[in-house]
């Protein structure tokens, strides 16, 4: 089975070092739980892993191949859920989901995905009438509507009620049982048995010595 | 290819459900065009003379008006991120979005152009060439505009920057578009101008996806 790993990643945003020397490896069925204070680079790391950002140093490898060697292949095997839900206000919940699932081109299963996050009753409601939590559930339904090996989830439980957080944990467990991998950044307790914690607090670069002019 | 069709379909559906945006460009086109006779006087021979130029300049401004929304909504709600991470190459996604933009902006302008031609007492012998030149020229406006729209994403007050970036680049399309119609009205062959417009269209069909994709990737970093 392929290995997903990061070696010695350095990340710099806006001229400021965010973290340095980050390494991990994630086997099939594995989960990585990113923790750390605000601003320690959890979101940046997820964007690096998705290929939206490029690291200043180090490498991200899938099965030994750098992910930027074939960006299209990498994009096809991952789901990235960022802070934004990509829900169009004038399209219904179902139309929103159908578009993203169809774009990924695999056998899409819209109904079960809507059903899992209790959105079936809202399927024909336009996005602008959905609440923040419902938007989030619709974004999460994308994960189930088309299969992908790697889930990159940035604060997936923001705005969710208790029942939905449970449903999310259930979806992640099922994804992992099928050999899927998941990297989650969260501040909220999310039930993920056997998840490997990765704290970014310790990886912050030392503060620069005071410049003397 | 099916991904391209999906994007065009989605953008057309979005435009239909928010049809105010699409009407805005056409109404701007007709109303601004109708202002000229008030400004320069109702002399029929003068209006006849300036008709092709006015129609082209006003069409160009109407397209400009609609450019900001090309990528901005997708950028703000996270759809652009998801598009970039979809298996569809970003270059194709951009072509799809530009095609949808042209169908909802350029095509209605072409449909409204005969109205302005009549208002300006333009010789109907030139109408066919005017429409043909617009058919070749308005996609160029959408394609060049898309680069400007992509470059200004994420910039503060980006919408104000777009005209500054894009207007100078519109000059060749304007020259050949008006040139074709003027030639037809003067009884000359419009062929050279139309060929140059077609060449420009082909060049932009290659440049826009590449430049646009680079600009969008930069905007999403």
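Note that Cβ sites are derived from N, Cα and C of the backbone, with glycine treated the same way.
Remember, TrEMBL labels are computer predictions, not curated facts.
Per TrEMBL, transmembrane segment is recorded for B:20-40 (among others).
The transmembrane segment annotation in TrEMBL covers B:46-67 (among others). Within the chain carrying the transmembrane segment (B:46-67), a Cβ under 8 angstroms from the stretch's Cβ atoms is held by residues 21, 24-26, 28-29, 32-33, 36-37, 40, 101, 104-106, 109, 113, 116-117, 120-123, 126, 130, 134, 137-138, 141-142, 145-146, 148-149, 162-163, 166-167, 170, 173-174, 177-178, 181-182, 185, all 6 or more beyond its ends.
Away from its own ends, the transmembrane segment (B:98-120) comes close to residues 4, 7-8, 11-12, 15, 21-22, 25-26, 29-30, 33-34, 36-37, 47-48, 50-51, 54-55, 58-59, 62-63, 66, 70, 126-127, 130-131, 134-135, 138-139, 141-143, 145-146, 208, 212 of its chain (Cβ-Cβ under 8 Å, at least six residues beyond either end). What TrEMBL lists as transmembrane segment is B:98-120 (among others).
Per TrEMBL, the feature transmembrane segment maps to B:126-153 (among others).
The feature transmembrane segment is assigned by TrEMBL to B:160-188 (among others).
Residues or ranges marked as transmembrane segment in TrEMBL: B:194-216 (among others). Same-chain residues lying 6 or more positions outside the transmembrane segment (B:194-216) and placing a CB less than 8 Å from one of its CB atoms are 71, 80, 84, 89-92, 94-95, 98, 129, 132-133, 136-137, 139-140, 143-144, 146-147, 150-151, 153, 172-173, 176-177, 180.
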Positions whose Cβ lies under 8 angstroms from the transmembrane segment (B:160-188), at least six residues beyond its ends: 52-53, 56-57, 60, 64, 67-68, 122-123, 125-126, 128-130, 132-134, 136-137, 140-141, 144-145, 147-149, 151-152, 194, 196-197, 200
